[in-house]
Amino acid sequence: MQMMTRDVLLEMDQEEDDDDDGDIGDVPASRRPFLTPHTLHSSSRVLENLEQTVVSSFGTLESQPDFQTPEFEEFNGKPDSLFFNDGQRRIDFVLVYEDESRKETNKKGSNEKQRRKRRAYESNLICGGLQLEATRSILDDKLVFVKVHAPWEVLCTYAEIMHIKLPLKPNDLKTRTSAFGNFSWFTKVLQVDESIIKPEQEFFTAPFEKNRMNDFYIQDRDTFFNPATRSRIVYFILCRIKYQVRDNVKKFGINKLVSSGIYKAAFPLHDCNFSHKSEDLSCPNERYLLYREWAHPRSIYKKQPLDLIRKYYGEKIGIYFAWLGYYTQMLLLAAVVGVACFLYGYVNQNNCTWSKEVCHPDIGGKIIMCPQCDRLCPFWKLNITCESSKKLCIFDSFGTLVFAVFMGVWVTLFLEFWKRRQAELEYEWDTVELQQEEQARPEYEARCTHVVINEITQEEERVPFTTWGKCIRITLCASAVLFWILLIIASVIGIIVYRLSVFIVFSAKLPKNFNGTDPIQKYLTPQTATSITASFISFIIIMILNTIYEKVAIMITNFELPRTQTDYENSLTMKMFLFQFVNYYSSCFYIAFFKGKFVGYPGDPVYWLGKYRNEECDPGGCLLELTTQLTIIMGGKAIWNNIQEVLLPWVKNLIGRCRTVSRAEKIAPRWEQDYHLQPMGKLGLFYEYLEMIIQFGFVTLFVASFPLAPLLALVNNILEIRVDAWKMTTQYRRMVPEKAQDIGAWQPIMQGIAILAVVTNAMIIAFTSDMIPRLVYYWSFSVPPYGDHTHYTMEGYINNTLSYFNIADFKNRSKGNPYSGLEKHTTCRYRDFRYPPGHPQEYKHNIYYWHVIAAKLAFIIVMEHIIYSVKFFISYAIPDVSKSTKSKIKREKYLTQKLLHENHLKDVTKNMGVIAERMVEVVDNNLRPKLE
């Protein structure tokens, strides 16, 4: 087999020196590793193992005269068929290419090269034991569909190489009971009807071995390997079959052939149409059941059929929907508490004393505020911020503090209970020891050219680069990521400059007097207009940078060359999240912790970049602006993502159907219907996780400023689950099933966010809201010796927290401020705690300021320690794996080992019995002549 393939590929080498496909999947043939089979510690051995296994199992190609090509068959008129024309061999994978001889723009040289590569690849597939059948398209005669079938021997061989766990015997352990058993009458409504989607039978499993085939639960060879497992095995083979040697470099893999255009697509088949059952009675109609009971809008209130999702799409997609469903369930509790806190603030907003003072014509209407910028900004009256102060009372209330503490505990409960649920899924889905069976990526295997000594086995093994080369790659990758993060910071600085510049314009253009009747004056203050426009511009910049960086992050990770697909995704995850964290949250961090904090005072303002005067917050603080920013980004992101996820694939499929509408009367086979769906892409699930983790950050990091965030997230996630389900079952081709033990790097990312959220929420309450200054005033400065009231009260708070400034002390930059209504006023007010003019320490921080600073620091320390103590206690008290799950894992491992041992003993006993019988016969035959 290898000899003929090599001759064919070398012949191609001589003809195609000018071809250049890139270098992914290439490796010098003379430097390819030759290693022993079935080792787990060195992933670079897999490719050679496959060659050795195929040679021993299926013979060589030396006797073959030329390329082996698939047989061409006409479509048999059965649109729902999942088999070759003979009706016996199941279609495990489909390859699609465009016939070069029928292309309209026929570049003879280039097309001939592609044709020869494809023929070599298909010939090697056949030599590798796979069976191919080609059928020309019904709707477009230029397209050819190559159907791939893996026979029993091939499946068994590669199941052993891939260490796939397969059934030994039915599982007789008790299944997990629901904690809501007493409410079965209620939960039954939410459950999927078991008469429609029947529960899967549970089995004890073990890694497959051909020499112990009799130990496995094989009742029917056609169903022993389910369609998802068959597709996974075939895809494993397709990714490792070679098709060309050029300059002593081998090229291999279906991914490279698809990316270079030699094949148009490669995918496993859906089992039926999503809208109706298959005419084939043997078809399980799993896609139809998933659409009806999971993706259809009428099933929005039902629980997800996770076992069927896992069976049809694989564990990787199953664990995503399990996590998303669990996250959504936990959001229900957070949303209820958040709405309660919001209603508390809404009901009590009319009792907000300091807001009444702002709106009162004899208090806020007579307080003249200092200009907030130079030259163009006017003096202004405090009561123009009346409406914003009323809104602020809703969010800046005691309920916000309670909710922030609650969310610190909630996020810990969510993460700990998810770990337990994840452990249960690991047991139920046989992924407890997944790391032992995961194979290296073909791109990694292809680069294994350097010999090193394994520290554990002390044997030689191949790696893609030396230690020095790895350090260089890590340095370059880290530098690239740092550059893009700095680029985001630069964009944030640009937004700040926009805020500073446009605030001057709005201050000059918007009305300067408040009469209470003009709705524009009532709601659109210079601060509000600046905040809203800056938030929208920030959102647009975020989405643009996000689109660009996605491609850059993939390029960086490809250059880094991780070993396994899990390592690849974890590396990409960390890069993408680090970027997205800065991209999405930087503007929120600026508003929460920097805006209005370093502004100086009117006579000596702080200038940014030596030109722009730093922004100031409203008299009520920056909390309302932070709430506005979160609302716009969260809402805009949800709308944008839904447009991308729903409208784009739907429109693309609609355009595809319109192009073939003239031939719609023809009956298209299953493989052609699936081809016209959209490809999901390797990283399709990655973006779904990223979207949810970014949302998780908004829900936890800044929840103290927006208690309705969990409610928005809950509504979005309920729709997101069904939208993702609808998209996968109706708009996208079936993904190649993949194994996954957990949610990967997203778990430690969520844990990091949970720890950071305690700090951010404590600091938002302390430094962004006005809760601490109000408490200090109420308990210390409203009564003697600092106050004039005889009892604790909030009256006089506004007057007490606004400092005086002498207009005569303005620098030249501000003297020209036009304000006709200034009349006889010689002072203006500004938001700070400083001594008035004429005081021995005029414009220095007063005693109130130092009381507030001490109270803020004390609050942060106390709140952090209380929440962290509760978090660590909860983490310690709730084990990651429940006692029952641990017992089931140990029980299954014991029974599996016992079963394999007993079967082995039976075989040994049987063999010993046969040997003993033969020995008796020999002895009897030798003694009988002597006795006679």
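Cβ coordinates are placed from backbone N, Cα and C, and glycine is handled just like the others.
Automatic, uncurated: that is what TrEMBL annotation is.
From a predicted model like this one, the values you see are computed outputs, not experimental measurements.
Listed features, source TrEMBL:
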COMPBIAS  13-24  compositional bias 'Acidic residues'
DOMAIN    83-306  domain 'Anoctamin dimerisation'
DOMAIN    309-892  domain 'Anoctamin transmembrane'
REGION    13-37  region 'Disordered'
TRANSMEM  320-347  transmembrane segment
TRANSMEM  398-418  transmembrane segment
TRANSMEM  481-508  transmembrane segment
TRANSMEM  528-549  transmembrane segment
TRANSMEM  576-594  transmembrane segment
TRANSMEM  693-719  transmembrane segment
TRANSMEM  743-767  transmembrane segment
TRANSMEM  847-868  transmembrane segment
Answer yes if the transmembrane segment (320-347) and the transmembrane segment (693-719) have at least three CB pairs under 8 Å among residue pairs 6 or more apart in sequence, and no otherwise. yes
Can you work out which residues elsewhere in the same chain, 6+ from the ends of the transmembrane segment (481-508), have a Cβ less than 8 Å from its Cβ atoms? 371-373, 375-378, 526-527, 529-530, 533-534, 537-538, 541, 545, 549, 552-553, 556, 575, 578-579, 582-583, 586-587, 590, 608-609, 612-615
The transmembrane segment (398-418) vs the transmembrane segment (576-594): three or more C-beta pairs under 8 Å (separation of 6 or more)? no
With Cβ-Cβ distances below 8 Å as the criterion, list the same-chain residues six or more beyond the ends of the transmembrane segment (576-594) that contact it, or say none. 481, 484-485, 488-489, 492, 495-496, 535, 538, 542, 545-546, 549-550, 553, 622, 625-626, 629-630, 633, 637, 686, 690, 693-694, 697-698, 701-702, 705, 745, 749, 760, 763-764, 767-768
Average the per-residue pLDDT over the domain 'Anoctamin dimerisation' (83-306) and send me the rounded value. 83
